[in-house]
Amino acid sequence: MAKTVAYFYDPDVGNFHYGAGHPMKPHRLALTHSLVLHYGLYKKMIVFKPYQASQHDMCRFHSEDYIDFLQRVSPTNMQGFTKSLNAFNVGDDCPVFPGLFEFCSRYTGASLQGATQLNNKICDIAINWAGGLHHAKKFEASGFCYVNDIVIGILELLKYHPRVLYIDIDIHHGDGVQEAFYLTDRVMTVSFHKYGNYFFPGTGDMYEVGAESGRYYCLNVPLRDGIDDQSYKHLFQPVINQVVDFYQPTCIVLQCGADSLGCDRLGCFNLSIRGHGECVEYVKSFNIPLLVLGGGGYTVRNVARCWTYETSLLVEEAISEELPYSEYFEYFAPDFTLHPDVSTRIENQNSRQYLDQIRQTIFENLKMLNHAPSVQIHDVPADLLTYDRTDEADAEERGPEENYSRPEAPNEFYDGDHDNDKESDVEI
């Protein structure tokens with residue numbers, strides 16, 4: 001039975017620019033949306049221009065001092081915030097750029113609205129590719145992430161759902177989400193990520209399992225360089241199957257960071273777009289309300305391919321291997337296909353013995369769980385936002401270019417000869 005899918009896209013979210021040379025390029029969201037439009041996938045979804053999160057919304061998780069700082073700081077006045085910049089870890093990896101707070105408001109609002117719609121059973125699946133910024137902490141920015149939209153969305157889901165499962169397939173450990181829910185059994189966090197050799201953020205060991213009420217409700221799958229589709233699937237599907245069976249979540253949040261693909265600018269895995277998509281399709285197969293978010297991904301053309309393909313899986317619509325012509329067509333050269341070969345020469349250092357050892361340890365930890373922990377009956381607080389369908393347009397009446405513009409910032413894709421988004425560095 002086909003699911004009702006809500007899709008959140010703000011036409012301005014791709015306008016923001018972290019700065020020349022920075023690997024995080026919000027313009028990847030415009031590429032993704034363009035492919036979603038030109039493949040006609042928008043016809044299979046309810047499309048929303050999302051709510052913008054307020055300071056109050058963000059302070060559900062973050063400290064007021066930190067959010068107040070994000071709202072006030074700008075490139076023109078940052079010299080007066082030297083102490084705060086250091087205190088809140090804003091600087092090189094997490095730069096101050098024009099419209100910083102507005103950017104955070106837009107991607108966070110979309111995740112929050114997706115959670116609210118799932119709570120109200122308006123949709124079965126909610127998609128926000130702009131979200132998934134999993135490194136942000138309560139008091140500070142981290143790893144290109146300022147506001148943790150995932151945590152804020154989960155807090156909203158917890159009003160209606162006794163148990164929320166968080167799954168993270170970004171190459172980097174979902175440390176901000178893990179830290180937020182480390183002491184509770186209301187949220188179970190499962191992260192598959194590269195671990196070791198000082199790889200960012202340096203957390204996510206298999207023996208980080210939670211504490212107090214949350215002991216054993218935190219599950220980490222530390223992986224080595226070069227993992228491929230077969231090895232990843234060998235671990236992902238049995239682990240997630242066991243987690244769902246033991247924990248019985250009533251809602252799932254899936255972070256789909258695309259930096260776990262082969263040929264990613266900051267990555268070291270060997271997943272194909274199909275292999276990455278298999279994880280999304282498998283999670284969808286449990287027929288549990290699902291919030292799907294973006295995350296990392298730094299070879300922008302492949303991020304767009306990946307998230308477009310995964311959108312097609314979520315709406316159960318087959319799409320052609322040949323990319324449709326669009327204003328961004330030239331960025332998908334030389335093949336102009338949906339599934340280019342993104343394998344690299346990185347050796348798969350994840351032996352079958354190593355993966356079996358991880359799986360055995362994880363299964364032993366899962367045996368320590370209480371099956372489906374319960375919560376006491378409580379009054380449900382008011383929704384953080386009031387649902388309003390005024391931004392919804394009928395798919396058949398809405399033109400594919402509605403609410404869409406082509407923003408372009410200097411260096412939005414390539415920052416000179418040393419930017420390894422260029423074709424000369426990576427064979428795609």
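Glycine is no exception: its Cβ is also placed from the backbone N, Cα and C atoms.
Just one of ARG265, ARG274, ARG305, ARG345 is listed by Swiss-Prot for the same 1D-myo-inositol 1,4,5,6-tetrakisphosphate site as HIS17, GLY21, LYS25, and that one is ARG265. Among ASP92, ASP93, ASP259, ASP264, only ASP259 appears in Swiss-Prot as part of the Zn(2+) site alongside ASP170, HIS172. According to Swiss-Prot, of the residues SER405, SER424, SER424 is the one noted as phosphoserine. Among the binding-site residues ASP170, HIS172, ASP259, the ones whose Cα sits within 10 Å of the Cα of HIS135 (active site) are HIS172. ASP259 (Zn(2+) binding site) counts 25 other C-beta atoms within 10 Å of its own C-beta, drawing on all protein chains shown.
Take the mean position of the Cβ atoms of ASP170, HIS172, ASP259, the recorded Zn(2+) site; other residues of that chain with a Cβ within 8 Å of it are ILE171, HIS193, GLY257, SER260, LEU266, GLY267, GLY295, GLY296, GLY297.
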